[in-house]
Amino acid sequence: MQGHFHLHDAGHHDHSHDDDHSANHSLVFRKGLPPEEARSASRKALRLALVLTLCFAGVEAVAGVMTGSLALLSDAGHMVTDSASLLLALLSAVFGNRPADARHSYGHGRTEVIAALVNSLIMLALILYIAVEAVARLLHPEPVNGAGVMVVAVLGLLVNVLAAWILSRGAHTLNSRAALLHVMGDLLGSVAAILAGAIIYATGWTAADPILSMGVCLLILRSTWHLLRQSLLVLMEGVPEHLDYYAIGRALAEVEGVVSVHDLHVWAMSSDHVALSAHLQVGTPEAWPRILAACQALLSRRFAIDHVTLQAEWPLARTADAAATVPVISPDQSA
Amino acid sequence: MGHAHTHPHGHTPDHDHGHGGHHHPAPTDFGRAFVLAILLNTGFVATEFAFGLAANSTALIADAGHNLSDVLGLLLAWGAAWLARRTSTSRYTYGLRSSSILAALANAIFLLVACGGIAWEAVMRFTAPPAVAAGTVMAVAAVGIIINGFSAWLFFKGSKGDLNIRGAYLHMAADAAVSLGVVVTGALISFTHWFWLDPAISLAIVAVIVAGTWGLLRESLQLALSGVPPQLDHTAVARYLAEQPGVHSIHDLHIWGMSTTENALTAHLVMPEGHPGDAFLDRLTHTLEEEFGIHHATFQVEMSVLHQQCALHVARTGH
């Protein structure tokens, strides 16, 4: 049954090596690491960054008490919230690694996605708080010790640069990307604080502090929004962004022996595993084992979907009349 | 490609799954309960705020702020219940029904955070001299008991089956309990002058709310993690499928909640004699819906016993 309309030319059929470029869009293969190694690298990076920020928070708190500086103490508080979000990411990376059981038939991979969601919500709350504070400062300027702010900010910058570097080396999952985002936000905050301190020290213009804070807020807001959308996409069982629903449907319908495809579902089980289920109308029962193998090979090679459930159906007499209640994807359907 | 048959699951949430006469009642529409509860609570917040401004009472204004968060919780649950009915798209192939799971989770987290705040304040009051509830505050709390108690009652019927409705119910019931605490402590302290009663009763109420919310948190987390829905028995479903004639073994059995009320299943059946045909699968899907409350099932029939392994290293269940 090779009478199908082909959108790709014949050379691109499923056994060709040209298909490998599609797999490059997947989260897993982009970094060239298998999921397990990527996860383990993420965990190590998270652990290191956590120890680093906690230690710095301790140093800052002690220095704050000794010098009586409120700025130092409040920054220590900020670093503690950073450590908390890193801890959240680390815990979920550890729990997310537990295997599937009778209560969790897909494993615990989604713990990470939920941690990313919670982390991005906390970030949104933090952004809102800083924005409100900045407006209040603009309306009622407060005296700022420019030199003191600069010293603390430079120290904070060093710690955050180190933490960001550690995390970016291990950032392979949605979860550790969320943690990296948090640290990047802090890093920008430190840079802004250094700038603000320098401006205030040089010119005495205190409004520089809240204005720069708001600029940083806008930057963090952009990436936080993206992360929030991505984690919601996974939790709402949406089709992963790098995959095209109609392209997958057409590719399945083009497999020799498949008449049509319906009830196609593609969703991410965790940040690095994609699942698919679909119903295929096939010509004859005898051809099913071959069709199944061909479809599995196609999905795995071209779309990097390795968790597949395909239900075979044959067109019977009763399918002749009633209107279709489900979208049916045939090879000639356009997106 | 006119393709329609009687197999009981479709793409569109509006599509009737053949609910007629099966043992799991279709989810009740709580639209009216939501509208009523939201209107009542919003009215209460507005009144409290107005009286607070007029009487210059920070306590009343603060309570209005707290009750506003109830309205948000209700809106969240209502919005999710509404989203859950929207049709599926090529991006969200299951529709947006899992928003009901996230709403239940958010309501559980909301409640626990609120409990943390109340507990913190109560502990503080053990050391600092407590402010005894004045006449106005007690009167407002009494009205709060009625409004929140009534709202909770509206959702009680659905609180067993639908986790999202249970979240709304628990939120309302917890508020009624807090208001009750304010009235009872106010009355007791004016008789006995035991000021430690105020934080002690607050802590007791917090303990009750946390105990009630814990289950909501656990179950909504389990659903959000694509876990097996709590009322379903993975082993029993596995055994049922493995016992079917012609089935040598089953593997890759996944059961998860598409929303707080609907469940999906995928499984691979090893049938060495060949594919049994549509009628067999139709019967399986029907029984799974009737007996187990699974609304969306997909089966992959495989002929060879030595087939590729599940990518997630799922424990084999074909015993």
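Counting begins at 1 with the first residue displayed.
Every residue, even glycine, has its Cβ placed from backbone N, Cα and C.
Just so you know, TrEMBL annotations never went through curation; they're auto-generated.
The region 'Disordered' feature in TrEMBL is assigned to A:1-23.
Residues or ranges marked as domain 'Cation efflux protein transmembrane' in TrEMBL: A:47-236.
Here TrEMBL flags A:48-72 (among others) as transmembrane segment.
Distant neighbours of the transmembrane segment (A:84-101): 39, 42-43, 46-47, 49-50, 53, 107-112, 114-116, 118-119, 122, 173, 175-176, 178-179, 182, 270; these residues of the same chain sit at least 6 beyond its ends, with a Cβ under 8 Å from one of its Cβ atoms. What TrEMBL records for A:84-101 (among others) is transmembrane segment.
Annotation source TrEMBL lists transmembrane segment at A:113-132 (among others). Using a Cβ-Cβ cut-off under 8 Å and counting only residues 6 or more beyond its ends in the same chain, the transmembrane segment (A:113-132) has close neighbours at 81, 85, 88-89, 91-92, 174-175, 177-179, 181-182, 185, 213-214, 216-217, 220-221, 224, 227-228, 230-232, 234-235, 270-271.
Summarising the annotation, TrEMBL assigns transmembrane segment to A:144-167 (among others). If one looks beyond the transmembrane segment (A:144-167) by at least 6 residues along the same chain, the residues whose Cβ comes under 8 Å of a Cβ in the stretch are 45-46, 48-49, 52-53, 56, 60, 69, 71-72, 75, 79, 176, 179-180, 183-184, 186-187, 189-191, 193-194, 196-202, 206, 209.
The transmembrane segment annotation in TrEMBL covers A:179-204 (among others).
If you look up TrEMBL, you'll see A:240-313 marked as domain 'Cation efflux protein cytoplasmic'.
Per-residue confidence over the domain 'Cation efflux protein cytoplasmic' (A:240-313) averages out at a pLDDT of 90.
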